[in-house]
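Encoded as structure tokens, the structure appears first; notes follow it.
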Amino acid sequence: MRRHLGFLGACLGFTVVLLDTTAVAAILPGIVADLGGGSSAGMWIAAAYLLAFAVLLMPCGTLADRIGPGRAYLLGLVVFGVGSALCAAAPGASALILARVIQGIGAAAMVPSSLSLIAGLYAERRLGAVLGIWSAISGVAAAAGPVLAGALAARWGWPSVFWMNLPVCAAALALLAALPRAAATPGAAGRTARVGRDGAGAVAAVLSLGLGAGIAAAQLLPEQPVAPTLLLAVAGAGLLVLGLRLDRRRGRPVLSLFDHARFRRVTACALFLNAAFYGQFMIVPFVIRDLLPDAQRVIVQGYALGALTAIAGSLAAARVLTSWPRPRRAAAGLLLLLAGLAAVGAGCCLGVAGLVLLGCALCGFGNDVAAVLLTADSVSGVPVAARGRGQGVFNAARQMGSAAGVAAVAVGSAALSGGDRIVLVLAVPALLGLCGAAVLLRPERPGSRSARSAPEPSTI
């Protein structure tokens, strides 16, 4: 029972992180109207949280390995709660942006430690089913965010969306008090495997910031020339190369994770999966709006169907086609996502709303099937003592993929906007998803480390 209460506490905290990721988009017009600053301030209110979150995922994963996932998670909950209170009480746009950064710091501490925490609570054979439940709860939270935020803002104003986080954080803290002590603190293996103070976390943060800056420029400054955006992206890539070289010279605390072939593959695929899913999440409403009558009804129904099938996909991931290897099942999920995109495109071109709704349902189901299986592999594909770092790297890759997918779709829509051509933008997330499937379906070399030493649990 104590394990289940701890699991529920971990899910609650992760839920509130996802709620804030999607909820704020629904209330941005009201925030800007109240606090001022224009659309630029509104964009930074949304982006400040996401950038702080992505920048600190890897350092916070290392922190979870050092102090234990339970302690790191509790620390993140407290910081996130403080940030939420500051957001609700913000007197102006600048103060709100700063408070959103604090929220992002708390979220970055919670996400990698939550998965390490859950992995420590349950046996390996149950991990797939448990992560399916966790992912289903996450899917509900992400889908419910805009709806809940809109209802709260209409009734009590936009600050209520941030005040709502406080009782949820308090409930998570109370539930985590029941956590077994062994799961909340690092064991002997975790203590001996601590990373030396070689600045790897700082390097990782700078790398993420450099890449994030280039991507943020593409999203937040679309009216600016392309050259500065490309320069920022190139600078971020240069920082990546430099950081990896430094990391290799200083003991390779992060690079050692990529010695595990399974972890390499699932991390690369997760980047492409998020790029494809969030790319289509952004562009599909615009395609529907431009090409279908009664577009608003179709968009709302499509989101609702996608959320419901995402829950079904999360729960089915550990139970369907269990005779297949996990990579092949995850690739099947990606291919379902691609089939959904094809159905959306065909439905919009033919004017058949039912086909569009079928496509939205396939996108939600396929994405969550793949996401659950990739997450399970990312947890079991690295040593226990490095799970915090592993989840930091894995989730940082997912965040970078999300931002890159949105940026790629934004560039494509700018080039192809107008008339029926906008449907061609659906090819962008489709190609990204195809790359992810190709990564998973590529045969693993017999001599790779994971092929030699990491048997796949049969029940996940």
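Cβ from N, Cα, C; glycine included.
Because the structure is a prediction, the values reported are computed rather than measured.
The domain 'Major facilitator superfamily (MFS) profile' annotation in TrEMBL covers 6-445. Feature annotation from TrEMBL assigns transmembrane segment to 41-60, 72-99, 105-123, 130-154, 160-179, 200-221, 227-246, 266-288, 300-322, 334-357, 422-441.
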In contact by Cβ distance (the transmembrane segment (300-322), the transmembrane segment (130-154); 3 or more pairs under 8 Å): yes
So which of 41-60, 72-99, 422-441 is most in touch with the transmembrane segment (266-288), counting Cβ pairs under 8 Å? 422-441
I'm checking region-level scores; what's the whole-number mean pLDDT for the domain 'Major facilitator superfamily (MFS) profile' (6-445)? 75
Within the same chain, the residues 6 or more beyond the ends of the transmembrane segment (334-357) and with Cβ under 8 Å of it are 269, 273, 276-277, 280, 284, 287-288, 291-294, 298, 301-302, 305, 363-367, 369-370, 420, 423, 426, 429-430, 433-434, 436-437, 440
